[in-house]
Amino acid sequence: MSTPSVEPVPLPAKRRLAQLAMLAFAVVITLGAYANVGLAIDGQIPSGMLTYGLSLGGFMLAAYLVLAKFAPWADPLILPLVTLINGLGLVMIYRLEEVKAFGASANQQLLYTAIGVVLFAVTLVVLRDHRALQRLTYTAGAIGLVLLISPLLPFIGEDINGARIWIKVPGGQLQPAEFAKLALLVFFAGYLVAKRDVLALAGRRLLFIDLPRARDLGPILITWGLSLGVLILQKDLGSSLLIFGTFIAMLYIATQRTSWVLIGILLFVGGAVLAGLIFDHVQARWEVYLNPEDPELFVKTGGSEQLMQGLFAMSEGGVLGTGFGQGHPERIPLAISDFIFPAIGEELGLTGLMALLMVYALLVERGLRTSIAARDPFTKLLAGGLSFLLAWQIFIIVGGVTNLIPLTGLVTPFMSQGGSALLSNWILIALLVRMSDAARRPAPQAIQDEGMTQVFQR
Amino acid sequence: MSELTLLLIRLAFLAVLWFFVIAAVGVIRTDLFGSRTPATAPARKAPKPAKPAAKSKKGEPRQMVVTGGPLQGTTITLSETPITIGRANDATLVVSDDYASSRHARLFPQDGQWIVEDLGSTNGTYLDRSKVTRPTPVPLGVPIRIGKTVIELRK
C-alpha cells in the first residue's frame, strides 16, 4: 500500500495574506474615522489616537494569530468584517462621549472589545472540534433555559428600565439572555439533527401545503411558550422575537417544509396580538409604531421621542451625511446602544449606512456559505442558525429604528455599547470561524491508519 | 478646520468605506466564479510539485459535488486521498440518513480515474441506474446515489 501524497490540494486556499490585508484595512479605516472625529470637533487629531490605534490593532493582530494557528483554513473575511463593525462602533461611542452623551464610554467599550477578543481566542483554542457540541445537545438546552430564567430569580436578578433581563455580577450587570441564545441555538441544532426526519416527512397534504401531524407540533409549541414567557415575564420583546424567529428558520433549514414557517408566523402573530391586548408595554410599543409623529405620544414617557429623534437624525444625514463629529447624534436618547444605527446614519448618511449594511450582509453571507460547504448536518444547521441569528437581529433593530416594524429594543451586533452582547457575539464569531475552518479544510487524511478497509492501490 | 477640508475628508471616508466592501467582495469572488489560480497556487507550495503535476490530466475530475439530498451544495475538492461516505463521524462526507450505512461507499483515484466502491452497505450504492457491485470507474457528471444523497464528479 503506497502512501498517497501528504500534501493537501491547495485549491480552497487559506487566503491568509488577503485576510491580513483586509484586517489592516479595517483597522486603518477605524483610525481614519477616529482622526476625522477629532479634526471635526477640536480641529486637531485626537491625542489618544496612537494608543487607541495600537490597542485595537494589537487585539485584532492577536485574534488573527490565534486564528492562523488554531483554525488556519477559516474563512478569510469573517474577522476583518467584524473588526470594521466593532471599530466603527468604538469610534461612534468615542464621538458621543466627546459631546457628553449619556452613558457613553469609549474606554469601557474598548475594554469589552479586549475581553471579547480573549473569549474569541479561548473558544477557538478550547473547542478544537465543534462537533463536540453535538454531544452536549441537552446540556446546552438546560444551560440556555437556566440563563434565560436567571434574571427572574430573587437576589441575583435586577430590573433596569422596566425590563428584567439583568443579573448582578461582581463589577456590574450581565444580560444572560445574550449567552442563552447561543446555548439554545446549539440545542436547536442538535435536537433537529436527531428529529428532523419525523418533522420533515410525517404529515398529510391539505390543499396546496404539507401539514405536519398534530403530535409533532410539540417542539414548536414549547419554543413558542418559551418566547412568550420571555415576553411576558421579562418584558423583553427583542429576545423573544429573536429566539422564536431563529427556531423557525432552523426548523425550515432542517426540514425544507414551508408549512413550519407558516405555522410559526401564525403562532407568533397570535401570541403578539394576545400580548398586546393584555399587557400595556406591548400595546404602548404598537401605538408608537402606528403614530410616531403624534405630539401627545412624543412627550409621553416611553413614548415616541426616541424613535422620532432617530428618524430626524437620519433625515438630517441625508445621502452623504453630516460627516463625523458634525451632526448632533447626542440628541437621540440612548444613541450609544439601541440607537447607534441612526447616529451613524446622521454622520455618514445613506451611503455610509448602506456600506455598513453591506458589511453585515457579507458577514452573514460568509456564515451561510460555511453552512453550505459544511460536510455534516449538525454543522450545517448550527452555522445556518448562527448566521440567521445575526441577520435576524440586524433586521429587527434596523427595522425597529426605521419604523418598518415595531421597535423592540435589541442591540446592534458589535456596535452598540454593552458588554454582554459584544462578548456573546464574539463567541458566535469564534464558532463560525471554527466551523468554516472545518468546512474549508481539505478532506481529512487520517483514515489510512485503519488499515483494514484501505487497500486501494496495487 | 475649514468646511472644504472636512467635506473632502467626509467624501473620502465614504469612498474608502465602499472600497473596503468592494475589496471584501473581491476576496470572495472565487466563490462565484471558481478558483482562477490553480496554476499559481501549487507553485506557492513548492515542495512536491512534480508528483501531482505528472498525474493531473485534462479530463480529470477536480470536485465532488452533492447534487441531491440534505447535504445538497456541499463540494469536496478531490485530492489523491480516497473519500469515504457514510454515517460514521470520521467519514469524509457525513450523511445523516436512515438509508445510508455508517461506512457506505468509498471513492478513490486510480490511474487518473475515480473509482466508486460499495463497502457492503445495506441499501446499496447506485451509479446512474445500476447497482455498484464491484469497484466501478465513475465518469464525469454521472450521479452516484447513496441513500437520499446524490453526488457527482465535476471538473
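Don't overthink the numbers, they just go from 1 along the chain as shown.
Every residue gets a Cβ built from N, Cα and C, even glycine.
As recorded in TrEMBL:
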- A:20-37: transmembrane segment (TRANSMEM)
- A:49-70: transmembrane segment (TRANSMEM)
- A:77-96: transmembrane segment (TRANSMEM)
- A:108-127: transmembrane segment (TRANSMEM)
- A:136-157: transmembrane segment (TRANSMEM)
- A:177-194: transmembrane segment (TRANSMEM)
- A:214-233: transmembrane segment (TRANSMEM)
- A:239-255: transmembrane segment (TRANSMEM)
- A:260-279: transmembrane segment (TRANSMEM)
- A:339-360: transmembrane segment (TRANSMEM)
- A:381-402: transmembrane segment (TRANSMEM)
- A:414-433: transmembrane segment (TRANSMEM)
The transmembrane segment (A:177-194) and the transmembrane segment (A:239-255) contact flag, 3+ Cβ pairs under 8 angstroms: yes
Touch test for the transmembrane segment (A:49-70) and the transmembrane segment (A:108-127), at least 3 Cβ pairs under 8 Å: yes
Closest-packing stretch to the transmembrane segment (A:239-255), where packing means Cβ pairs under 8 Å, from A:20-37, A:77-96, A:381-402, A:414-433: A:381-402
Dominant neighbour of the transmembrane segment (A:260-279) in A:108-127, A:214-233, A:414-433, by Cβ pairs under 8 Å: A:214-233
Residues from the same chain, set at least six apart from the ends of the transmembrane segment (A:414-433), whose C-beta lies under 8 A from its own: 67, 71, 74-75, 78-79, 82, 85-86, 88-89, 92-93, 103-105, 108-109, 112-113, 115-117, 119-121, 123-124, 127, 130, 172, 174-176, 178-179, 181-182, 336-338, 340-341, 344, 366-367, 370, 382-383, 386-387, 389-390
Intrachain neighbours beyond the transmembrane segment (A:20-37), with Cβ under 8 angstroms and 6 or more residues off its ends: 45-46, 49, 52-53, 56-57, 60-61, 64, 76-77, 79-81, 83-84, 87-88, 90-91, 94-95, 98, 323-325
Long-range Cβ neighbours of the transmembrane segment (A:77-96) (under 8 Å; 6 or more residues past either end): 19, 22-23, 25-27, 29-30, 33-34, 37, 41, 52, 56, 60, 63-64, 67, 104-106, 109-110, 113, 116, 324-325, 329-330, 335-336, 340, 343-344, 347, 356, 359-360, 362-363, 366-367, 412-417, 422, 426, 429, 432-433, 436
Tertiary contacts of the transmembrane segment (A:214-233), as residues 6+ beyond its ends and Cβ separation under 8 Å: 145, 148, 152, 164, 177, 191, 195, 198-199, 202-203, 239-241, 243-244, 247-248, 251, 260, 263-264, 267-268, 271, 275, 279, 282
